[in-house]
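S.K.: Sharing the feature lines straight out of TrEMBL:
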SIGNAL    1-23  signal peptide
DOMAIN    25-318  domain 'Plant heme peroxidase family profile'
SITE      62  site 'Transition state stabilizer'
BINDING   67, 70, 72, 74, 76, 88  Ca(2+) 1 binding site
BINDING   164  substrate binding site
BINDING   194  heme b binding site
BINDING   195, 239, 246  Ca(2+) 2 binding site
């Protein structure tokens, strides 16, 4: 009986692995049979990382954004530079600012240990870690569709071109998101990710010294830590509560206290004003739309089936 049970289990596991390899669509239950311990392991490592440094939650969320906007959600952002890999880590939007790689490495190690082999892709780890970071900081949860595979290439040029910079006006932001299959509601909801985290002085210096649609007291406060010259990496919070998922990011926009030019562009007499106003007084509505837009963003051009690979080391293509 014992040998028969083992045989049935072995056949079931082989069938599950084969089904994973052939699957061309994402599903929240993708790992349920082959490694049910995977998602709890990701959650444990993320919660521990956020407990040690609250800012890490925002960093892991940003990692997912910057991955998906460059040729889809394929973990290309994790690849280190080599003779054949044009690493996205040194692209202008990422250089000396994108973080969380060590946490992803730790998650990968823990998940592979739980699963007994490298079954869970780095791309799925990034997507789930973003969700778990939001939850750890008081935000909504959602079912993450899974089954992404990892890219074997990266593109610093595409990262420079497709990750929206912080100086864009509303029409350019709308076009940037439209290019990814995302609409105006997605733009506003996903920009609300700036309810978490900080920005470097170099990204908002021009706004606080030259923009006119800014609260003067707020501008003066930011100037204290962001001089006209120097201090490029000095940090300022993106909203008053940078370690708590709430609606104060939108309240700030209504009060002309958006830190980035691209933030304030969402509330500056354009077609997104009404949605910003709605979110500023309705956290439930923002949370619901944010979760839906995160799922939508996570579905941008995933590699599935036999495309790509499941990296053993998230920083390197398998040899």
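Just so it is clear, glycine is given a Cβ too, placed from its N, Cα and C backbone atoms.
On this model, are these features tucked inside or out on the surface, and what's nearby?
M.R.: The 10 Å shell around the Cβ of residue 62 (site 'Transition state stabilizer') contains 22 further Cβ atoms across the protein chains shown.
Taking all protein chains in view, 19 other C-beta atoms sit within 10 angstroms of the C-beta of residue 164 (substrate binding site).
For residue 194 (heme b binding site), the same-chain residues 6+ apart in sequence whose C-beta sits under 8 angstroms from its C-beta are 238, 239, 249, 259, 260, 263.
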S.K.: Taking the Cβ of residue 195 (Ca(2+) 2 binding site) as reference, which residues of that chain separated by at least 6 in sequence fall under 8 Å from it?
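M.R.: Long-range Cβ contacts: 139, 238, 239, 241, 242, 244, 245, 246, 247, 248, 249.
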S.K.: Looking only at the domain 'Plant heme peroxidase family profile' (25-318), report the model's average pLDDT.
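M.R.: Here the predicted model's pLDDT, averaged over the domain 'Plant heme peroxidase family profile' (25-318), is 98.
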S.K.: State which of the following binding-site residues has the fewest other Cβ atoms within 10 Å around its Cβ: 67, 74, 88, 246.
M.R.: 246
